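Features as listed in Swiss-Prot:
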BINDING   His123, Tyr127  heme binding site
COMPBIAS  146-156  compositional bias 'Low complexity'
REGION    137-156  region 'Disordered'
TOPO_DOM  1-8  topological domain 'Cytoplasmic'
TOPO_DOM  30-156  topological domain 'Periplasmic'
TRANSMEM  9-29  transmembrane segment
Amino acid sequence: MNATRRQRLWWVICVLTAAALAVTLIVFALQRNMSYLFTPSQVSAGEAAGYQQFRLGGMVKAGSIQRAGDSLKVSFTVIDKNAATQVEYTGILPDLFRDNQSVIANGRMQGGRFVANEVLAKHDETYMPKELKDAMAEGHAGKPIPATATPLTAPR
């Protein structure tokens, strides 16, 4: 093998190694930022056990909202068709947050309860992530979920 071929081979190996390293770093960064959506039924079945951080979606159970008098700490129960999960959140809740309203909380399980670091309330009558709409369609005791509910991925 002559010197020119050896140098060319060396550059090809370096470029491929750098590309592989870049792809690996991108994949790890994306995995760390992914947040999966689970319903209370899936959480109680243990499907969310392997995830440090995930989203919990469902309806706020009527009468379950309890606010601490001396802080911004709020606890409430998120329900779906078969299960309920207790949620704790410290912070200012969205204006649309109330009983029997669709909610998505981002956080982690801690000691049998979900500790949220972010709470999102349904912003209008047509918004609901498709997977949450499908999971909630059978058990929602309030108003029916419209068939025209906009999926999360649909452009607005």
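Glycine is no exception: its Cβ is also placed from the backbone N, Cα and C atoms.
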Helix, strand and coil residues within the topological domain 'Cytoplasmic' (1-8) as assigned by DSSP: 6 helix, 0 strand, 2 coil
Average pLDDT across the topological domain 'Cytoplasmic' (1-8), rounded to a whole number: 86
